[in-house]
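According to TrEMBL, the protein has these features:
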- 17-40: transmembrane segment (TRANSMEM)
- 60-82: transmembrane segment (TRANSMEM)
- 115-135: transmembrane segment (TRANSMEM)
- 155-174: transmembrane segment (TRANSMEM)
- 186-203: transmembrane segment (TRANSMEM)
- 238-258: transmembrane segment (TRANSMEM)
- 265-286: transmembrane segment (TRANSMEM)
- 317-336: transmembrane segment (TRANSMEM)
- 348-366: transmembrane segment (TRANSMEM)
- 372-392: transmembrane segment (TRANSMEM)
- 478-496: transmembrane segment (TRANSMEM)
Amino acid sequence: MASTVSQPQQYGHPPPILLTLTILPISLYLIINPLLPLLLPQSLLDNIPPKYSLQDGQSSYPALQASIGFSLLAFVGVVWLVPKVSEAFVSKGLKGRDLLKPGGRVSGPWIPESLGLPCASLYLALMMLFIPFPFSHLFKKQTPLGPETFPQQELTLYLSSLLSLLTATLLGFIDDLFDIRWRHKLPIPIVAAVPTLLVYYSVGGVTSVVLPKGIGGWLSSLGLERWLDGNVVDLGPIYYLYLILLPTFTTNSINILAGINGVEVLQALIIALSVLINDLLFLPIWSSNLLRVLGFENPQNGRVLDWAIGEVVNRHLMSFYFMGPLVGVCLGFLWHNWYPAKAFPGDTFCYFTGMAFSAVAIQGHFSKTLILFFIPQIFNFILSCPQLFGLVECPRHRLPFYDEKTNLLNPSLVTFTSPPPLRTRIVLEILSFLRLVKLEYHDPAKDANERRYIKSSTNLTIINFLLVHFGPMREDRLCILVGFVQVMGSVVAFGVRYKVGSWFYGGDRR
């Protein structure tokens, strides 16, 4: 009898070979091309017109196309790296069952977990290799007094952001290994954010905010004019408290909105793309003909936002450098995490991406704009608060319920074997009135002494909320629906930032 040899399990989806062969040379060209002025002799460069210059005469930034090259390299790298390292993670016990597949917790497929670690490691390695590119134009540039002064402040901001990301990655992986309780998780992002916050303070970080129209006059009438400078109030240490809480929210809010294949990575991808688009609005790289057709003022400056000049351009340029490769990493990992998932990100991915968003927002002075891109996460957090803070029983997993017969997901339930406490009933009745949850009641049969009480409620997450209103659906379609909500949240965010904000505060919102 011929013996059957078991085939080794394949981890990850097969990498796209043709796409890789197409992208890889393009990425290498984009990375090497900005270095040619440093590598080629000056005699060959004299007749070549200067490139990548800001159209208003500011200093050039050849690193922009290199950043695009590194972003493409990040995508290719993650797509090929995840299958290579998955077996090592599984052999060390870093694996879990896909609970929303046939067999579930008992016999569902084993999937390698914590693969946010190799993604974050590759990202950090690429960002370290990228360090010389933003300053490459200084290496041969001479002034009458000698070499141009090196921008130490920009380098410090860059390195402090990398240090925060490295710390967040380490602490996130520790969380994956030891499954830290929620109350112990909250301080972790604060520790990782310390380098970024300290550098923000050392470079004279702004702590003042602009008040809406009319609020300044109203506060002055109350005798508080000494705290105001026109329509601006300096919050001082209170603003730093907000900056401390920002990374705590961005990391944990992505982690809370989880549970189905692809959802953590998809929301991080859409937020990163939103930040990237916001950065592009500040960069003077746009075609004057395109801006003229779209009706922008002063199209010859190449700016979507006419007032975006000087330091604000440099801040968003730095943000672009971080967000581009992050988009590549998210796209690459989504290749393996999409339904049916062959790799799980773990808490490491959530900590790493959340800290990346906070770091660029703090250093780029657009932390309030960043919060707008988290509208779905804010909704999910507020909806989850009764369970997170113990007002309603919170099971360990609030995943949707998987029906093996239909292969569809249904809202999962928290059940009550006896009448719940008054505070729980009040909270659930309010949420039911707002159509945020679906309640099921226990009706007394023949016993008149038995009271009618809440028998079950859908779990308080945006995923279950969508299933309540749109009905049972397959896992990948549910993930697409969550992604659509995330996109619409970003659309609303841009409207609030650049339309409502200008009307509410008066003038351009910078």
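From the backbone N, Cα and C atoms, a Cβ is placed for every residue, glycine too.
Nonlocal intrachain contacts for the transmembrane segment (478-496), taken as residues 6+ away from its ends with a CB within less than 8 angstroms of a stretch CB, comprise 257, 260-263, 266-267, 270-271, 273-274, 277-278, 338-339, 369, 372-376, 400, 409, 462-463, 466-467, 470. Away from its own ends, the transmembrane segment (348-366) comes close to residues 114-117, 119-120, 123, 157, 160-161, 164-165, 167-169, 171-173, 175-176, 188-189, 192-193, 196-197, 199-200, 206, 243, 246-247, 250-255, 258, 264-265, 268, 271-272, 275, 278, 312, 315-316, 318-319, 322-323, 326, 330, 333 of its chain (Cβ-Cβ under 8 Å, at least six residues beyond either end).
Only residues 6 or more beyond the boundaries of the transmembrane segment (115-135), in the same chain, are considered here, and those with a CB under 8 A from a CB of the stretch are 34, 61-63, 66-67, 70, 73-74, 77-78, 81-82, 85-86, 89, 150-151, 154-155, 158-159, 162, 165-166, 169, 172-173, 176, 317-318, 321-322, 325-326, 329, 332-333, 336, 343-352.
When Cβ-Cβ distances below 8 Å are used as the criterion, the transmembrane segment (265-286) is approached by residues 54-56, 64, 254, 257, 301-305, 308, 312-313, 315-317, 319-320, 323-324, 326-327, 330-331, 333-334, 337, 345, 349-350, 353, 356-357, 360-361, 366, 369-370, 373-374, 376-377, 479, 482-483, 486-487, 490, 493-494, 497 of the same chain, each at least six residues removed from its ends. Among the stretches 17-40, 317-336, 372-392, the one making the largest number of Cβ pairs under 8 Å with the transmembrane segment (60-82) is 317-336. Long-range contacts of the transmembrane segment (17-40) within its own chain (CB-CB distance under 8 A, at least 6 residues past either end) are made by residues 52, 62-63, 65-66, 68-73, 75-76, 79-80, 133, 136-137, 139-140. Among residues of the same chain six or more beyond the transmembrane segment (372-392), those with a C-beta under 8 A of the stretch's C-beta atoms are 182, 249-250, 253-254, 256-257, 267, 271, 274-275, 398, 414, 420, 423-424, 427-428, 431, 436, 457, 459-462, 465, 482, 485-486, 489-490, 492-493, 496-497.
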